[in-house]
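Asker: Here it is, the structure in full.
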Amino acid sequence: KEGYLVNSYTGCKFECFKLGDNDYCKRECKQQYGKSSGGYCYAFGCWCTHLYEQAVVWPLPNKTCN
């Protein structure tokens, strides 16, 4: 599974500005989803890879980013 890293309180994606390989996104994805996951910056949001099937990713149901 893959998807955008999301803040469960706000419903917002984690923003990033250095597109492609991005240490911040890698670190945040690993912290949220475990060390087997990876991440990079895609369309100014952290995109996480190698997630477990039940991983919660953006968008969250009934929660908009405000």
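Any Cβ shown, glycine's included, is placed from N, Cα and C.
Fair warning: this is a prediction, and the values are worked out from it, not measured in the lab.
Pulled these from Swiss-Prot:
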DOMAIN    1-66  domain 'LCN-type CS-alpha/beta'
DISULFID  Cys12-Cys65  disulfide bond
DISULFID  Cys16-Cys41  disulfide bond
DISULFID  Cys25-Cys46  disulfide bond
DISULFID  Cys29-Cys48  disulfide bond
MOD_RES   Asn66  asparagine amide
Asker: Measuring CA to CA, name the entry from the recorded positions Cys25, Cys48, Asn66 that ends up nearest Cys41 (disulfide bond).
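Answerer: The smallest Cα gap between Cys41 (disulfide bond) and any of the recorded positions is with Cys25.
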Asker: So how many other Cβ atoms are close to Cys12 (disulfide bond), meaning within 10 Å of its Cβ?
Answerer: 19
Asker: Specify the nearest of the recorded positions Cys29, Cys46, Cys48, Asn66 to Cys12 (disulfide bond), where nearness means the distance between Cα atoms.
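Answerer: The answer is Asn66.
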Asker: Going along the chain, which residues six or more apart from Cys29 (disulfide bond) have their CB under 8 A from its CB?
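Answerer: Non-local contacts for Cys29 (disulfide bond): Leu5, Ser37, Gly38, Gly39, Cys46, Cys48, Thr49.
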Asker: Between the recorded positions Cys16, Cys65, Asn66, which lies closest to Cys25 (disulfide bond), Cα to Cα?
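Answerer: Sorting the recorded positions by distance from Cys25 (disulfide bond), the top entry is Cys16.
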Asker: Using Cα coordinates, what distance in whole Å links Cys65 (disulfide bond) and Cys16 (disulfide bond)?
Answerer: 16
Asker: Given the disulfide-bonded residues Cys25, Cys65, which one has the fewest other C-beta atoms within 10 angstroms of its C-beta?
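Answerer: Fewest other Cβ atoms within 10 Å, among the disulfide-bonded residues Cys25, Cys65, is found for Cys65.
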Asker: Determine, to the nearest whole angstrom, how far the Cα atom of Asn66 (asparagine amide) is from the Cα atom of Cys16 (disulfide bond).
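Answerer: Checking the Cα atoms of Asn66 (asparagine amide) and Cys16 (disulfide bond) gives a distance of 17 Å.
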Asker: Calculate the per-residue pLDDT averaged over the domain 'LCN-type CS-alpha/beta' (1-66) and state the result as an integer.
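Answerer: Averaged over the domain 'LCN-type CS-alpha/beta' (1-66), the predicted model reaches a pLDDT of 96.
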